[in-house]
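*Asks:* Here it is, the structure in full.
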């Protein structure tokens, strides 16, 4: 039984969608191992078409190709890929070496589809290159080789996966006579080793070098003669290599090699994508920094276990927005916000509460320093409660009887930036308007001793008096002494939210009586605005990523066009459509990863410079790039680059291998 048999092979091409043009007209041939068969004939006789059918590149024909007794007629596309990987080795007239790979790597392309270890693959590739006389050239690229050397590399690549059939399409067509003789000697040695060598040629010299000549003319076999006996099969069977599909790691490694070979050409795309990701990172980092700065400012002024309680005028449960609105209402209608002693008593019954402190808050007041005719105005005067953090007073002490703490900005307004601390111990006159029991306005005035200086910073000026003092002042002026807010302290920070919920759920006469706010609520409100602004800015910056994606798409389409012949070679070597697709998606993802790294370098570099420049003003880092931001940068880079490569990669995978090999 012949090793390879062609039975009644017919092949026609369709012209103008309807007209059939026959190329092969009933080809019947048998081949055995150890033969060196030359397919001779003029151009257009069907030789190359026949070779493409034998090589598994063309599956659209009538008839049958039988390999070692097994029909390939009904092979699936994946089975045909495996057939080429395991059985066929191609040698092309134009060499078809992959330009961005070294001589060694060109041979390793075939070996990447075997089960050999990495060391075994490299050793076999080096051994094959030594056999064809290229031991000293393994690190060179194809453009550094002569024509004869290139064909030797192509032969080594064809032999790498240990195929049983070598198909050579005009193997000496581009070589001089000296190189022709050397290549024919190598091919004869391949046949002598027990493999089947089939060479397509126009040359009578090449044809007579083999063991058999098959002459084709006008799509039929018109002559088939043996020049000499075929070579006998080896007495000892060598262990054949086991082939496998190209692994994901190998595909991405090949993509990496191409990316690095053309690194500077891809750098502009990386730079454009990197700048877009950098802008998103920078704005995200700025949002983180601003949020952290505000959190630090508020936490330095307010006790995190404190819950601020105010009157619920609606009788319904209050949302955060409604509670904020009620605070504004206290200045427009303060009488509605007053908390009576009986209501205050209800708060003291709550569990998880360690202290309940009534307090006063006034929206407008003036301070006049004794001996200084120029008063200053303020927008928030409160009584001191445990809601204030321990570090609120920067100089001096907390206010006691007939004492007041004023803000650093107010002290500087009175005495200047250098002498402002000298205000401690001096007397100021406090004046503001409140209401009496009949809701009529009452002017309240009183002299108080300054005992401390607070620094509200960006959160606003802090002016506070002792609760007992303020109650006595109000009583003396004829104003109501009902509290306008209550400070409730939770037993621990862990139960602060629980206490706030209990306050919000508390009812008097069937109606919700109070609204509560914690430091966390304040921070959440501020953070939500900061986050909104950050996301808007990041989204605007992210528009550039759309442009980057378009750049990647264009680049990948250009790469597909430039590498069309390479795609054909890889398909001929046994790579499947998915492998070709991975080659381009892998390259695009690598561009995305390099872009993300570039973006991180820019973000940390420029962010660090910004922090250094602003630290003197804010005493805090205003750009904070978190590990989450870093992870997001890589994710967005990979997703954008992968999606951008899908269409070009799909186009590459669909290319016909025969047409790809014929492209220039």
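Glycine residues also receive a Cβ, built from the backbone N, Cα and C atoms like all the rest.
Bear in mind that TrEMBL entries carry predicted annotations, made automatically and left uncurated.
So TrEMBL says this about it:
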type     : residues : note
DOMAIN   : 4-243    : domain 'ABC transporter'
TRANSMEM : 267-287  : transmembrane segment
TRANSMEM : 536-557  : transmembrane segment
TRANSMEM : 588-610  : transmembrane segment
TRANSMEM : 630-649  : transmembrane segment
*Asks:* Take a look at 267-287, 536-557, 630-649 and tell me which one has the most Cβ pairs under 8 Å to the transmembrane segment (588-610).
*Replies:* 267-287
*Asks:* Quick test of the contact rule: Cβ under 8 Å, at least six residues beyond the ends. What residues does that give for the transmembrane segment (536-557)?
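*Replies:* Hits for the transmembrane segment (536-557): 266, 269, 272-273, 275-277, 279-280, 282-284, 286-287, 584, 587-588, 591-592, 595, 636, 640-641, 643-645, 647-649, 651.
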*Asks:* The domain 'ABC transporter' (4-243): mean pLDDT?
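*Replies:* Within the domain 'ABC transporter' (4-243), the model's average pLDDT equals 90.
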*Asks:* Give residue numbers and ranges for long-range contacts of the transmembrane segment (267-287): same chain, 6 or more residues beyond its ends, CB-CB under 8 A.
*Replies:* 530-531, 533-535, 537-538, 541-542, 544-545, 547-548, 551-552, 555, 591-592, 594-600, 602-603, 606-607, 622-626, 629, 632-633, 636-637, 640-641
